[in-house]
Protein chains: 2
Amino acid sequence: MTRHYNFCAGPAALPTAVLERAREEMLDYHGRGLSVMEMSHRSPEFVAIAEQAEADLRELLAIPENYKVLFLQGGASLQFSMVPMNLLGQGGTANFLYTGIWGKKALAEAKQLGFAVHMAGSSEASGHTEVPTQAELALSSDAAYLHYTANETIGGLEFDYIPDVSVPLVCDYSSSILAEPLDVSRFGVIYAGAQKNIGPAGLTLVLVRDDLLDQRCQRIPSLFDYQAVAEAGSMVNTPPTYAWYLAGLVFQWLKHDIGGLEAMATINARKAAKLYAAIDSSGLYSNPIALRNRSRMNVPFVLADERLDKPFLAEAEEAGLLNLKGHRSVGGMRASLYNAVPEAAVDTLIDFMADFEQRRG
Amino acid sequence: MTRHYNFCAGPAALPTAVLERAREEMLDYHGRGLSVMEMSHRSPEFVAIAEQAEADLRELLAIPENYKVLFLQGGASLQFSMVPMNLLGQGGTANFLYTGIWGKKALAEAKQLGFAVHMAGSSEASGHTEVPTQAELALSSDAAYLHYTANETIGGLEFDYIPDVSVPLVCDYSSSILAEPLDVSRFGVIYAGAQKNIGPAGLTLVLVRDDLLDQRCQRIPSLFDYQAVAEAGSMVNTPPTYAWYLAGLVFQWLKHDIGGLEAMATINARKAAKLYAAIDSSGLYSNPIALRNRSRMNVPFVLADERLDKPFLAEAEEAGLLNLKGHRSVGGMRASLYNAVPEAAVDTLIDFMADFEQRRG
């Protein structure tokens, strides 16, 4: 068995220790004679797994008691529908910051569902290389909430501040949640697809402040209703039990193997700083993002001569450095440095890039 | 490691051979240096897994070419919303057959979303012990489709025929799909949560006849749109990749280890016949369902003296027979005999029941 270094943007690398534990428990969880996958979601064994996962997440993010934690399905993209349906029942306009592809999709979804939308800020003029500043935000007078994307996975553009606004803040944290400590109390709703820093695809986390639970539209699918889901402990119907269990293992890994989110943030900062330094000091590689908004999780870069893209990717893969190809919509390269990507992976990538530049640059 | 016999109604037993294969491939899929969970859903490796799973399912069920196969999230319960939103865009009434808890929920969901509903048949008068006959069905004149639940998991009530109607037939096949061959061409839409006969919770299969893809309501969440999902190969956003992979392993097991659905049906018929015979010939156990409608997948039974319920369950668990407790809404016992529950499990259960009756009955 070999484990290569995996820079995939998502579904992304998981900690090897987590996969080893899952492998060990695959056919027989703690001597119970069955797999976690085969347990009723209402069994004492699974309920204990689910509760432990929530408790660990609450501890890691220091989630205040007045926030519900929901374990859902459908990915962040389903939240593009669920958020307006849950928050616009009393009217008002959904405000959006547009800093890349995901933020744009969130706005488009609210609009096509018939909700009023307003663009309260955009990085479009800069070619999405710099996020609007606090001073540049312009909310509509009837704003019900402000939605933004903390980190644009494809563009590699990350907010360097939490917007300070008078309406509930809703944030898509899919690609940077758990990368560092977070002041949850600044937000009305935080959501994140699991497949970057949480666990496998097929699980979505939603944190929602409890005073926002009664703002929903009248006719929404039962499974969309944050309040009903919260009251049922995320078990209105059968939840994605195995993904929930794996997320729990990741939370345990963050707590015990890493030592919490402060420690994780230090490692992540070091990983990103190293790679950006290598890019900036090279003659072959470049990244266009304003320094203050460079993503620590997703590092896109281009080669000065795009004819070198193919050999770069082929040789990288040969060297056990997987999934460095940029998103099909933008091309170039992208190295995703999520929590589970070890520092050694970044070191190896940097060495490879230097060697490639020397030989081919 | 011990594997007990698991009669859980869902999430349910998976074939041991499938879990062994998943365990083996957990950290390194086919020498690629990463887990299936860590692969981009757009990588050639995962696309091959996904396509193979669909091809195997199509072969197993002999799905006609004019049907799309969708791999979704949200469980069968989300289909309670998605079906009317996809099929009632041109008006008309959703017709339902009510034969238990799940069928009732499907009707309630369509109603609360504001759609016109009509009860076209019910087993309520019989206490849900007998499904209405073909002659008893009474559709509304403006019926857009007829929805029913092939097998009621909680009641243990199964249709012994496929309704013959002039409108598209929509069927929740969650707890009996793949238990035997099925004439898919009789249906407009078939859907099934994975966590009984397909794979782990968090995956939902939908088969939809392609002429029904343009009937959707205008304002539906993008991820609800069957047509858009079909066009994107179930990858509008990141699908539940690991659950999809596991479903693929189950399909392979059905094809190669079992020998297809005819063979599976023979085994399932034998399992159910044995258990019902044991119940009927005992003085302690009983099952109230009309013979023609007894579920082959979920066998509920009660003990003549309910004070024996607790010791029955405790002793069964002691004997390695897990999850025989009936649904909290109905009490009593329930043995679910899905595909992955081996005949030996049923034999062991029958022996245990006879022994228990002799000692305590």
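Note that Cβ sites are derived from N, Cα and C of the backbone, with glycine treated the same way.
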Select one of B:Q52, B:Q195, B:Q358: the residue that TrEMBL places in the pyridoxal 5'-phosphate site alongside B:A76, B:S77, B:W102, B:T153, B:D172, B:N237, B:T238.
-> B:Q195
Considering the binding-site residues B:T153, B:N237, B:T238, which residue's Cβ sits among the greatest number of other Cβ atoms within 10 Å?
-> B:T153
Taking B:R42, B:K196 as the recorded positions to compare, which has the smallest set of other Cβ atoms within 10 Å?
-> B:R42
Taking B:S77, B:T153, B:D172, B:N237, B:T238 as the binding-site residues, those within reach of chain A by Cβ under 8 Å are B:S77, B:N237, B:T238
Quick one: pull the CA-CA distance for B:A76 (pyridoxal 5'-phosphate binding site) versus B:K196 (N6-(pyridoxal phosphate)lysine), whole Å only.
-> 11
Cα-Cα distance linking B:D172 (pyridoxal 5'-phosphate binding site) and B:R42 (L-glutamate binding site), given in Å to the nearest integer = 30
What does DSSP assign B:D172 (pyridoxal 5'-phosphate binding site), in three states?
-> strand
Mean per-residue pLDDT in the domain 'Aminotransferase class V' (B:5-349) works out to 97
